[in-house]
Structure formats: C-alpha cells, structure tokens
Amino acid sequence: MPQYQQPPSWRLEGGGQILDLETAVKDGILGGGGGGGGLGGAAGEKVDLKKMIEELEPVEDVPSVFICPISLEPMVDPVTLCTGQTYERSNILKWLSMGHLTCPTTMQELWDDAVTPNRTLHQLIHAWFSQHYLRFKKRSEDVQGRAAELLEILKKKVKGQARVQALKELQKMVVNHSSVQKTVADSGGIALLISLLGPFTSHAVGSEAIGILVNLSLDSEAMVNLMQPAKISLVVDMLNEGTIDTKINCTRLIEMLMGEKDFRSEIVSSLSLLAGLMRLAKDRRHPSGSWAGLSLLKTICSHERVRGLIVSVGAVSQLVELLPNLSQECLELTLQILDDLSTIPEGRVALKDCPQTIPNAVRLLMRVSESCTQYALSILWAVCKLAPDECASLAVEAGLAAKLLLVIQSGCSPELKQRSAELLKLCSLNYTATLFISKCKLTRTIQ
Amino acid sequence: MGSFCSRQKPYNEADAEENEQAEEIERRIARETKAEQHIHKLLLLGESGKSTIFKQIKLLFQTGFDEAELGSYTSVIHANVYQTIKILFDGAKELAQNESDSSKYVVSCENKDVGEKLSDIGSRLDYPYLTKEIADEIKTLWNDAAIQEAYSRGNILQVPDCAQYFMENLERLSETDYVPTKEDVLYARVRTTGVVEIQFSPVGESRKSGEVYRLYDVGGQRNERRKWIHLFEGVRAVIFCAAISEYDQMLFEDEMKNRMMETKELFDWVLKQACFEKTSFMLFLNKFDIFEKKVQKVPLNVCEWFRDYQPMASGKQEVEHAYEFVKKKFEGLYFQSTKPERVDRVFKIYRTTALDQKLVKKTFKLVDETLRRRNLIEAGLL
C-alpha cells in the first residue's frame, strides 16, 4: 500500500491564512497536549469560543471554511450533512424544520436527514480562534500599556513639543483601538485632558486634546466641565483656525455638549462660533467639513434664541447662495436651517432681501426629496406672506405655479398639498385667470 | 572730430562717482526692502495700557532696561507721586464742597497745611526730588480718612491706577540712591508722544526661523488720527488694548465722556479703516486684575454700552460672567463693524493684565502662534 503522501503544503482556503501541516502541528492547532479535548469539555469550550468569535470577528479575517453558508458567521457547533456540506447546527436544524429536504448550498435532495457533528472542524476553529485571540489580547495589552505610559507622561506636566507628541500618539491610538478608550477613561485621562484646555492653551496642544476627547464617551461631569466659557472659547478659536480635521472635531465636540441636559443656549451664542461655522459650511474644498458645519448649525438653529444671532452674521444670503451646489445631505440640512430662520422676523426679511432665495427655492421643489420640498415650500410661503406683491410675482416668474401643481398632483403628504394649494392661491391673486394659467405650464427648463 | 570726441566722452570722474553712489543706494534699498519683508510689524492701538504692554515686551524679549534707562524713570515716578497726592487732596476739597455727606471728605486739621503745600508743589512744572521728609508728609496725608474716602471715589477724580502701588512704596521711592525696579517702571505713567518702536525676536519656534517683530506704540492723542493711520497699512497685526476696568471712568481730556464709550468708538473706527482690511486684530481686554475687584462693587450697567447687563451670581462666578458679557459686547462690535468680505481676517480676544509679566509672556506666545499659523495658511501650507 503506497504511503499516503501528504502534499507538502496543505492549504485551508480563504482569508490570508495558509496553514500547512508542519506549522499546524508546531503551533498546536492540530491537537498536541490538552488542545482539542472531547465533547466533555465542549460546553465550556463553546462559551469561550462564542466570546472569542464576538471579539475577533470584526477585526480579523476569519478563514472562509469556518463560516456557515447560511448565516455567514463563524461556526460554533459545525455539523455535516450527508452531502458533505457543513453548517452551524442551529441554522441547518431550522432549515430542516421548515420542511426543506435539500442541502442549502448544493440544492441536492437529502437521502439521509442525519446531522453529524464535525469534530475535526470544530477543533480547528477553536484552535485558530484561541491562537488569534491570544495574539489579539497581547497586542491590545501592548497598546493599552503604551497608552497608560503616555498618560503618565502627560500627568507629569511635560511641556512644549514633548507634550504635543505624546498627545498626537495617544490620539492615533484612541482612534484605532477601542481598548485604549477604556484605558484613558479609567485612569482619569478625561479629566486630565480637559484640564489642559484653558485661555492660555496653545493651538497645538488644544487641537490634539480635542481630537482625543471626541473619540471618548464623556460623562456628565466632564461635559459640564467642558461647558465653561473659557474652554468653549478655546474650542471656538480652534474651529476658526485649525486644519479641517480639527474643525470637524470641534463641531463634533460641541454637538456632544449640546446633547447634554445641562446645556444652555448661551454657550453657543457666540458670533465667532457662528461665523466660523458659516465659513466651514461654505468651504468647497472639504465636503465633509461643510457637512459638519451645516449639521452643527442646524442643531444650534433648533434653539430659538440663537436664531437672531445667526441671521446677524449674514448667514441667510450665504446659505441661499450655497444651495445650487450642495449634495443631497447638505441640501436638506441647509433648507432646514433656512426654514428655522424664517420663523423670526429678521430671518424673513433677510430671505426676502436675498435675490436668489426665490429662484433657488422654486428650483428645488419636487427635485430632491419630499422633506426638501417641504422646507423649500415653507420658505417660499414665509417670503410670499411677508411681501406678497413683490415676491409672488417673482416666484411666479421663476416657475413656482407649475411646481406647485406638481406637488398637488404628486403622492406627497396631505399637509404639503394643502400648503401648496394655499400658496398657489396667494400667488394667483395679482394675475388674471388666463395669464396665470399660462404661467402654470411647465416650461422646458422645469421639465 | 576732436571736438566730437571730447563731447562724446561719456562720464568724467565726478559723474562716475555719483552714478556709483546712486547704484549703491539702489542696492541698499533693495536689500533693506527684502529684509523688511521678514519683519512682522505690530501696531499697538487703544486708549490706555499700550505703553505698559510695550514696556513688557521690552523686558521680556529684549535686554530689558539698563541702569541708565531705569534711572531715567526716577523723576517720572516722583512726578507721579506728586500728581497723585495733589489729585487726591484737591479732589477731597471738591467732594467736600459738592457732596451731600461732605464731612467725610474734610481733611483733618493737622494735615490741611501739608495738603496745601503738596498741592502747590504738584501744580508746578518742575518737581523737587522726593526726600524722606516730603515722603513722610505724603504718607501721613495718604492715611488721612478723608483722603482715603476721596480715593474710593477715584473713578471720577482721574486718580491714576498706580496710586496705591506708589503710596505703599513711598519709603523705598524716597531713598537717596533710589533706582527704580522693573516693576516700578511698569507702573510709571508718562504720556507717550510721537511713535516709539522696538524690534525683537519672539520665543520658541520662531526664533529658529529668524522671524522678527517690530512693535509700534503711537501716542494716545485723539486728534487727526485719520491723517496718520494709513501710514500703518500693511502691518501684520493690530494689538488693540481696551482697559475693561474703565467702564466707570471719564476721560482725562473730556470729563463728560465715559472711557469705555471712547474705547468702543475708537475700536469701531479702527475696524472700519480700509488700510486694515487684511490685518489681523488681537484684542487685549486689559486691566483684568482691576476689573475683577471693581465688578463686584460697581455694577457694569453704569456704562451705557453695558446697560443691559444682568448680574447672575456672586464672587468668582460673577466675575467670569461679567467678563464674558464684556467679551461678547466687543465681539458683537467687531462683527457689526466688519464688512462680510473682511470677516475672514483673524480676530482674537485675549484677557490680559499688562502688569503681570508671566501673563503677558503667555499671551504673546499665543499671539505669535496665531500669526505663524496665519502665515502658513496664507502660504497654502496648512
């Protein structure tokens, strides 16, 4: 009988894993010692295995042979059918209990409904996960260890470049490893970082500290601490002067603070903040920054008392002029902001005074989404109500009537249709019937 | 031919020398213009506190004041002492005449004569050296209850901020071999005339890159500002000093005008100048130490600009609240006075106490960082 020759490299498919027999034995994956064990230890093993899978599956490339074809998850209790295909026990039993008598992957009819535990595969899966888990934990500890070191350095109050470099390194780690986030939080790192922020904090230090804080979950105490005027001033300064990443971090931090229950609108009633957000929103070179700026503005706009300030920095005309060039997400935000601003008298006046308001708003009706249409309509309504004689004709010339008819005939909500009808009526007041009807025809551009 | 030749002779020696000189001057101008570009010019503006900042920069980043310079301040400081006590004595007399509770402003009999004598000295053009005897007399008068009462009304009497400091140090100031300390010099009050400038290298990073700052301090004169302000077009930054503690004080030049209102108007005017369209503005809200103490006794609303102020708490929290209120007012003024196209220029507010050297150093480090970042952004490197 010819000796069975194991091919020199026996490969497992999938992932970046190439397991050859030599390495597999050496690394203990294929038994050796107390490795696999029998089914006796199976229950205990399974629990550990579940935990390891949970932690590793998001970050590692699990070999495809370990994956259940039904759930696409790593198998904890692999069982094989008579067709030779292996599945997670609970999944295949469910399949069979639904009355199917076929093998899900091969579509063959099953001549035998027995389900055989695939002990070999189970052992391999367990061994692979154990090995990778150990490595993962070690790496994580290394990273956590380094993070703890960095925090010690910062606690010793180093100054200058040393401090900036420590913060930079810590920031990278916090972003890439969730375990570090916990380390920082547990060792008083949050309070330390917040204490670094004050009226004399340099931009270099402040921007790194904020870059770390936005990636941590801050408790109430930390948030209240951050809401001190001197610290907020610093954040606003950095929002005005920083790189695009710093600016985005600042907006995220402020949004976090605005969600806190002790938040008061005076904190964001800063002209510098609002002017800075407008500058960010208008920045064509950085769409992500633009979105961040608009998003925060929208959140701020929900506080009525700040709306007047927003109008006073000239936001209305700047936002209106932005409309034609925005992506859909930004468009909805911008229209919502303008709609909120139209609820105050100064906002309405600013909207009316800006020559682009009506044409841009009309153009956006029925163009993008129902909510965009709703906001645009609301804005037009506010403007036309304010100065019907002036604005109604402008609107009609811009093709408003035809658009309103579209809305009324569409599948939009009843309130929207009602509003459109009312606006249509308002606009038609100064026209004779025939003239108005001619304006209602869809022109080529609108089509 | 001969005459043609002699007429054609291009230059005689004198001409050649002249041309050589002219070219040399051209070269020098070109070199200096190039060097000037690396000098960042800063202009100090504002109603009061500019010179203190100026002196601090001198102390921090230059070699400070040498013996001779320190010595030159002796007469100034003595003059300040005489001026102060005169203002207080005359002020007490005035209050005794005009106030309803006049008795508390009446100087005691023993001190009356001394007071008159000192008031007389104070009105001369030349002040005598401050001897021990005179210093003692001044000390006694300062301790008089009526004078202390007058001091507490200092805001309406034009009592300078250095009053208490000098009065407390009278013994030292009257030593025969008295040489002013750096701190004494910082407190000394002398009205700046004309323009003074110093050149210095800032701290830290910039020192390596050879950056140089030149700081200009113009006098506090109000007249004809519009005629010379445009000479400062192209300065890197304007450092505007606003003394926030002066919200209850009147101008020296015009006792009917509130100092804070004057500062407000000046700031507004400066912001609107075409020559500063692209200039960075660093607003120093100065004299915070005095503001801190005053705000708990004198409500902000006494100043018309701050009449809508509502106190919230007390103690330290109230000071912070008041400061934030004043800051927001200045911010509002900035955005109101700035055309939309100009809103992109750098505008930052700093809380300062010009007499505190450490704070001025920290503040200036931040100013330096901001200006450097601005340079990098404008060069497209950030």
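Glycine too: its Cβ is placed from the backbone N, Cα and C atoms.
Annotations in TrEMBL come from automatic prediction, not curation.
The stretch that TrEMBL tags with region 'Disordered', taken from the ranges B:1-23, B:47-69, B:323-345, is B:1-23. When the Cα atoms are compared, B:F288 (GTP binding site) and B:S51 (Mg(2+) binding site) turn out to be 16 Å apart. Just so you know, the Cβ of B:V218 (GTP binding site) picks up 21 other Cβ atoms within 10 Å once every protein chain is counted. For B:E47 (GTP binding site), the count of additional Cβ atoms within 10 Å of its Cβ stands at 22 [all protein chains shown]. Distance from the CA of B:R191 (GTP binding site) to the CA of B:S51 (Mg(2+) binding site) is 9 Å.
According to DSSP, B:F288 (GTP binding site) sits within a helical segment. Residues of the compositional bias 'Acidic residues' (B:14-23) grouped by DSSP class, helix first, strand second and coil last, total 10 helix, 0 strand, 0 coil. Local packing around the binding-site residues B:K50, B:R191 was summarised as the count of other Cβ atoms within 10 Å of each Cβ; on this measure the leading residue is B:K50.
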